[in-house]
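Among the features that TrEMBL reports, DNA-binding region is placed at A:19-58. Among the features that TrEMBL reports, domain 'CoA-binding' is placed at A:82-183. Annotation source TrEMBL lists NAD(+) binding site at A:Gly93, A:Ala94, A:Gly95, A:Asn96, A:Leu97, A:Gly98.
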2 protein chains.
Amino acid sequence: MAEAEAKVLPEATVARLTHYLRALNALEAQGLERTSSGVLAKEAGVNPAILRKDLSWLGSYGTRGVGYVVRELAEHINNTLGLNRDWRVLILGAGNLGRALSGYAGFAIRGFKVQAILDVDPAMIGSRVGQLQVEDSRDLASVVEREEINIAVLAVPGQAAQDLIYELSDLGVNSVLSFAPKPLVVPRGMNVRRVDLSTELQILAYLAVQS
Amino acid sequence: MAEAEAKVLPEATVARLTHYLRALNALEAQGLERTSSGVLAKEAGVNPAILRKDLSWLGSYGTRGVGYVVRELAEHINNTLGLNRDWRVLILGAGNLGRALSGYAGFAIRGFKVQAILDVDPAMIGSRVGQLQVEDSRDLASVVEREEINIAVLAVPGQAAQDLIYELSDLGVNSVLSFAPKPLVVPRGMNVRRVDLSTELQILAYLAVQS
DNA sequence: GGCTGTGAACTCATTCACAGCT
DNA sequence: AGCTGTGAATGAGTTCACAGCC
């Protein structure tokens, strides 16, 4: 029953949809009511053909010869991405990164709310981070239940991240954003996205050497 | 002369090479001198076939029937990625994220050194961040020269990031890691990698809805 | 005439499967 | 016999190019 279903949209398409959303918001802020794949693609930094192909996954929301209605299209993408409801986020790890993430403007996107932040370090527990107070990692289960957490962010070292993935899975938190430098073994049914800063820097080093 | 040359390795391969490096270090720490594509692939979280294909780009460093010498292979990947020298990093933006990044353990990878951190906000300038003092963004050119910066990290809002890209390009800093939520227009010859936290969260929301 | 929606062509990346060396 | 290195097969993702509708 609670089995993970097949993904409907290619992941690359989903990533671009978020860019179209931002672009549509920018156009709306400029007072535009209608737009075309050319204009929108430019604003989103992609090529118009793939934009149209991406949108075609959602159905026909444009008008041939005319274009798209900005607000209508934005609304439709919002619904498709599941952004028409609230997501309650838990941050694990109250070090530099965890603290920064809990305050980071990018997390203040409509619909995402950081509900709690946990750490294992007794010296850290109880300290303030923005509106929140750092809680004890050992209370993970009760915090998840109390705050009805949907999404966890792992800002902890590699091995701790791997251990937490299993705990979170058991607690029914199936969506995780991990900053651990190590690729994690992911339990069935769980969705994990990784942001790997050290890999990004190393890729830049390689590219710099090439040029 | 200073034209960017064609990339030699596929970008996906470069990204995985960094994982092999980490995996090799882990194996070496366990005291292993030799390994095989199967063992290494498992540690790195990839399939053995693509690991061998990736390594074949670097030449033949394994022995058929035997495997790879851990230290030798690690050294070779290091050289290929340009990690056998120092990279001097500048952080632009001393907000939550910029400060966290300058202290983040992931940045302490051998060879990457944060040399300076800048901000536009007068209230921020002069404050301490770890070993560093926040300097004035208007001094960008002189800081880049003084610290011989190779890599810049953009931890500033969208439009500021776009403006800075051009300035950095003019100053000869051709490698940039951007945390701005907006895809940037990249001047010729410049290498930009993006980390987009809001996109990652939105993708997680989508995946959560699917499952 | 203009712009969408989409099949077909193409490019890029991964996996398979096996020849070749030790 | 065992494990690498790699051509061939497959799959995923992007771009092209145009038919179809306004």
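Positions of Cβ are set from backbone N, Cα and C atoms, glycine also.
Where the annotation comes from TrEMBL, it is an automatic prediction and has not been curated.
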**Prompt:** Which residues, sitting 6 or more apart from A:Leu97 (NAD(+) binding site) on the same chain, put a CB under 8 Å from its CB?
**Reply:** A:Ala155, A:Phe179
**Prompt:** Near A:Gly93 (NAD(+) binding site), which residues of its own chain have a C-beta under 8 A away, given they sit six or more steps off in sequence?
**Reply:** A:Leu118, A:Asp119, A:Leu154, A:Ala155, A:Val156, A:Ala160
**Item:** Residues from A:Ala94, A:Asn96, A:Leu97 facing chain B - binding-site residues, CB under 8 A
**Value:** A:Asn96, A:Leu97
**Request:** Could you tell me how many residues in the domain 'CoA-binding' (A:82-183) are helical, how many are strand and how many are coil under DSSP?
**Result:** 36 helix, 28 strand, 38 coil
**Complete:** Around the Cβ of A:Asn96 (NAD(+) binding site), other Cβ atoms found within 10 Å total 19
**Tally of DSSP helical, extended and coil residues in the DNA-binding region (A:19-58)** = 28 helix, 2 strand, 10 coil
**Asked** Can you name the residues of this chain that are 6 or more positions from A:Gly98 (NAD(+) binding site) yet have a C-beta less than 8 Å from its C-beta?
**Response** A:Ile91, A:Leu92, A:Ile117, A:Asp119, A:Val129, A:Val153, A:Ala155, A:Val156
**Request:** Count, for each of the binding-site residues A:Ala94, A:Gly95, the other C-beta atoms lying within 10 angstroms of its own C-beta, and report the residue with the smallest count.
**Result:** A:Gly95
